[in-house]
């Protein structure tokens, strides 16, 4: 019974009106994009460890 109540509250809060539905999608997309970009950057950095400028610049900087 609690799941039905939670579902109905979620529906009435976020998905019932078109404006809140659109806002929910836009906010969700923004969070997904941020998480996807950070994940892709982390994978890229891991695959190219030691080859990127940020990993080797300490060898070439003047002290």
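Each residue, glycine too, has its Cβ placed from N, Cα and C.
Sorting the topological domain 'Mitochondrial matrix' (2-21) by DSSP state (H, G, I as helix; E, B as strand; all else coil) yields 18 helix, 0 strand, 2 coil. Residues or ranges marked as topological domain 'Mitochondrial matrix' in Swiss-Prot (evidence: experimental evidence): 2-21.
The annotation topological domain 'Mitochondrial intermembrane' is assigned in Swiss-Prot to 48-63.
Sequence-distant neighbours of the transmembrane segment (22-47) (same chain, 6+ residues past either end, Cβ-Cβ under 8 Å): 14-15. Look at Swiss-Prot and you will find 22-47 tagged as transmembrane segment.
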